[in-house]
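Below: the structure, in structure tokens.
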Amino acid sequence: MNNVVLIMAAGNSVRFAADLPKQYNKVNGKTLLRWAIEAFLQNKLIDKIVVVINEEHLHFYENSTEDIGNMLEYTLGGDTRKKSVASGLQYLQKFNPVNVLIHDAARPLVSQKLINRVVEGLDICEAVDVGLQAVDTIKYEKPDGIEVLEREKVYATQTPQGFKFETISTLHQNIQGDYTDDISICLENQINIKRIEGERSNIKITNWSDFEYFKFIKKENKVYRTGLGTDVHRFSEFLESDVMIKICGIEVAHNQLIIAHSDGDVGFHAITEALLGAMALGNIGQIFPDNDGRYKNMDSAHFLIYARNELRKLCCEIVNIDLTIICEKPRIMPHSQRMRKNIADVLEIEIYQVSVKATTTEKMGFLGNQNGIAAQAICTVIS
Ligand SMILES: Nc1ccn([C@@H]2O[C@H](COP(=O)(O)OP(=O)(O)OP(=O)(O)O)[C@@H](O)[C@H]2O)c(=O)n1
Ligand SMILES: C[C@](O)(CO)[C@H](O)COP(=O)(O)O
């Protein structure tokens, strides 16, 4: 075997201070450990991945990795990172790899480029250190005062660090002290080390605030989808006096009935269509056919709630909705604030996310002749 990876995941996350060890907390449905594993699974240069875990976390590990095939194995770690690495290297003896990359599960954003550069670096030396050049002013607090370091000479070490397997295995077997990384052991033993530049995105999740930052980065990478919905209903003949018709769940006085199988709420129907469209889930007529007696005179809030629940199943959130009602009469704008509030309440979002406006067709066509009422909605969702 050429290149194997040890992913260190046996720590207790003391500084993270949460109920669940940090490596098993999820972002966008995947544990931190899973993010790290997938990065190496995708990389063609990697032949095997071994995760070093804490025995007490076995069920979390299994839940996180059960669908991954035999590219992945695990072994148990120790009570320090150094001991966990030693245990992992011992396990790798049976594969006798040429190179080993040692990576922290706490670094979920390792890139393909960085993995490739570490592996390539091992063609010309025995160990590869990944160092991110300091850009801040760095101060060293000493008993006799504070020294400002030459930041051009200071870098923060990241993982994965790369090693010739024989070299790092032998060192770990013969050295007992504690080390927070494995290059430090090489430095004490005159090993030929190449340093490559790290990546700012390759953050280590240590405290809860790092985890919040990781979630923020992933949110930025979320996918936006847009849906468009249209609905039209016929009006009845003119009545002698006003009745109440429903638009966006609000009762509006008008001297015509809306002819429909359900309650004929064009506003709710158009928004439902837009939400379904954003998720490519078909249209309202396929889900609630107008020849099905169960939906006769139905309150259209029911359709909107259906779409809201489907969105949630797909982990989608509504960003905004813009609805336009098109009719000559009744006048819509006097009711638009209550309509916005009602839509927001049914969808359990905020009123600022909903716009309701209206237009006429300048007395032209079937809408201008007051034969009907129409609505168009556009919505954006984030998934
Ligand atoms: N006995 C240990 C300690 C740490 N690690 C792993 O080494 C990586 C870097 O360690 P760190 O980020 O410090 O994790 P913890 O040790 O869990 O954190 P803390 O120091 O806050 O307890 C982590 O992925 C961690 O799971 C390990 O495998 N075995
Ligand atoms: C290996 C490491 O990620 C390099 O920055 C770091 O040293 C791990 O340290 P920790 O104290 O175990 O988090």
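Numbering starts at 1 and runs along the chain as it is shown here.
For all residues, glycine too, the Cβ spot is worked out from N, Cα and C.
Features as listed in TrEMBL:
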{"type": "BINDING", "residues": "231-233, 261-262, 288-292, 359-362, Phe366", "note": "4-CDP-2-C-methyl-D-erythritol 2-phosphate binding site"}
{"type": "DOMAIN", "residues": "225-381", "note": "domain '2-C-methyl-D-erythritol 2,4-cyclodiphosphate synthase'"}
{"type": "SITE", "residues": "Arg15", "note": "site 'Transition state stabilizer'"}
{"type": "SITE", "residues": "Lys22", "note": "site 'Transition state stabilizer'"}
{"type": "SITE", "residues": "Arg151", "note": "site 'Positions MEP for the nucleophilic attack'"}
{"type": "SITE", "residues": "Lys204", "note": "site 'Positions MEP for the nucleophilic attack'"}
{"type": "SITE", "residues": "His261", "note": "site 'Transition state stabilizer'"}
{"type": "SITE", "residues": "Thr360", "note": "site 'Transition state stabilizer'"}
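When the binding-site residues Asp231, Pro289, Asn291, Thr359, Thr361 are screened for a C-alpha within 10 angstroms of the C-alpha of His261 (site 'Transition state stabilizer'), the residues that qualify, in sequence order, are Pro289, Asn291. With respect to Cβ neighbours within 10 Å, the recorded sites Lys22, Arg151, His261 differ, and Arg151 shows the lowest count.
A Cβ distance below 6 Å to any atom of ligand 1 is met, among the recorded positions Arg15, His233, Ser262, Thr361, Phe366, by Arg15.
Among the listed recorded positions, namely Arg15, Lys204, His233, the Cβ with the most fellow Cβ atoms inside 10 Å is that of His233. Annotation for Thr359 (4-CDP-2-C-methyl-D-erythritol 2-phosphate binding site): same-chain Cβ neighbours under 8 Å, separated by at least 6 residues, are Thr324, Ile325, Ile326.
For the pair His233 (4-CDP-2-C-methyl-D-erythritol 2-phosphate binding site) and Arg151 (site 'Positions MEP for the nucleophilic attack'), the C-alpha distance works out to 70 angstrom. Per-residue confidence over the domain '2-C-methyl-D-erythritol 2,4-cyclodiphosphate synthase' (225-381) averages 95 (mean pLDDT, predicted model). Of all the recorded sites in the list Lys22, Lys204, Thr360, the shortest Cα-Cα distance to Asp231 (4-CDP-2-C-methyl-D-erythritol 2-phosphate binding site) is found for Thr360.
Only Lys204, of the recorded positions Arg151, Lys204, His261, Ser262, place a Cβ under 6 Å from an atom of ligand 2.
Set side by side, the recorded positions Ser262, Asn291, Thr360 differ in how many other CB atoms lie within 10 angstroms of their CB, and the most is found at Ser262. Cβ neighbour counts within 10 Å, taken over all protein chains shown, single out Asp231 as the most crowded of the binding-site residues Asp231, Thr361, Phe366.
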